[in-house]
Amino acid sequence: MSTDEQPLAPYDGILLLSFGGPEKPEDVLPFLRTVTAGKNIPDERLEQVGEHYYGFGGRSPINDQNRALIAALRAELDRREIDTPVIWGNRNFTPFTAEALAEAGQRGMRRLVTVVTSAYSSYSSCRQYREDLAAASESVAAGGTVIEIDKVRPYSNHPGFARTNTRLVTEAVRGVLREGVDPGAVRLLFVTHSIPTAMDDTSGPGDEDGNAYARQHLALGAAITDEVNATLDTDLGGELVFCSRSGPPSQPWLEPDVNDRLEELAADGAAVVVCAPIGFVSDHMEVVYDLDTEAAATAQRLGLRLVRVPTVGVDPEFVSGLVDLVLERAAQARGEDPPVPAWPGPAAMPSVCAPGCCPNLREARPALCGRD
């Protein structure tokens with residue numbers, strides 16, 4: 001079959017791989033046990049964390065968002081006359097990755113291209129998914145089904161993700177300025193999930209630089225800020241802040257926390273803070289709780305107006321970019337050398353991870369989609 005007839009050859013399926021989340025209150029504790037497996041966290045502590053979910057009816061928004069993303073991908077694939085099926089798997093809750101691979105095998109799929117719902121390079125946002133794929137693949141192979149699995153590259157600087165975020169931030173700032181707010185009283189914060197500093201230090205392709213996780217966010221935030229200022233004739237300064245810190249207080253994590261920075265901005269005379277969650281693909285719990293609930297409460301207490309920028313979600317430009325990424329990966333799998341667009345720089349990350357990329361600092365585990 002020619003690539004004109006099947007543009008995603010050699011792939012016969014697309015796997016959307018995500019974090020997962022509970023669907024109902026009874027799911028919350030089992031979900032959190034899976035997330036924290038091997039860390040010896042007592043159920044009493046997990047129940048405290050679970051209050052975030054119970055406050056939303058025990059249901060994470062991430063699952064419905066992934067269903068919507070699958071539907072949007074299906075529509076874009078159909079628009080391009082690509083009939084390759086899309087399946088869904090999660091690292092931490094049903095449908096687990098092994099369940100997704102079992103479904104793929106039952107449907108006759110033998111080579112998948114994976115899209116992870118995380119755009120950046122780190123152990124938790126890349127290699128841990130690769131480890132999950134390896135374990136699930138081994139489980140399915142034990143039943144007699146062998147499925148070859150590749151993934152698209154980390155896409156923080158793919159135009160589909162980066163340009164969509166830029167447009168959304170620009171629209172949010174424009175809306176504030178149209179209300180007559182003094183630009184000098186507006187601050188711009190880019191928010192992402194905090195990770196341990198040791199994980200950030202070793203994130204990336206195993207070169208001497210490290211810190212790919214933070215560097216990728218900083219690069220995108222700087223590019224967005226430049227575009228906003230050029231488009232709106234402003235002089236805003238963007239900053240990277242973090243949310244969702246966990247772990248023992250003695251363990252260093254990336255800072256500053258978004259709430260701490262809001263305190264400082266209020267003391268510095270800010271009136272409006274535009275908060276852009278560029279570290280997240282959709283409005284899941286870290287967004288609706290950590291930002292829309294906790295940070296919003298902090299801002300209200302401080303007399304700040306907090307304007308939260310939408311995540312890329314199912315924005316058509318982003319969804320189209322994801323389809324471009326799987327087409328790019330398919331061309332590479334066929335031995336071709338397709339264009340690999342990247343904005344902003346540095347250059348795009350490879351689709352096949354380098355040895356030592358984003359290592360597991362606790363224990364070495366098998367991982368797919370890489371050279372180690």
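A Cβ is built for glycine as well, from the same backbone N, Cα and C atoms used for every other residue.
Among the features that TrEMBL reports, Fe-coproporphyrin III binding site is placed at S60, Y129. Taking Cβ-Cβ distances under 8 Å and a sequence separation of 6 or more, the neighbours of Y129 (Fe-coproporphyrin III binding site) in its chain are L17, R91, T114, V116, S118, K151.
Feature annotation from TrEMBL assigns Fe(2+) binding site to H193, E286. A 10 Å cutoff on Cβ-Cβ distances gives E286 (Fe(2+) binding site) a total of 20 other Cβ atoms nearby, all chains included.
It is 17 Å from the Cα atom of S60 (Fe-coproporphyrin III binding site) to that of H193 (Fe(2+) binding site).
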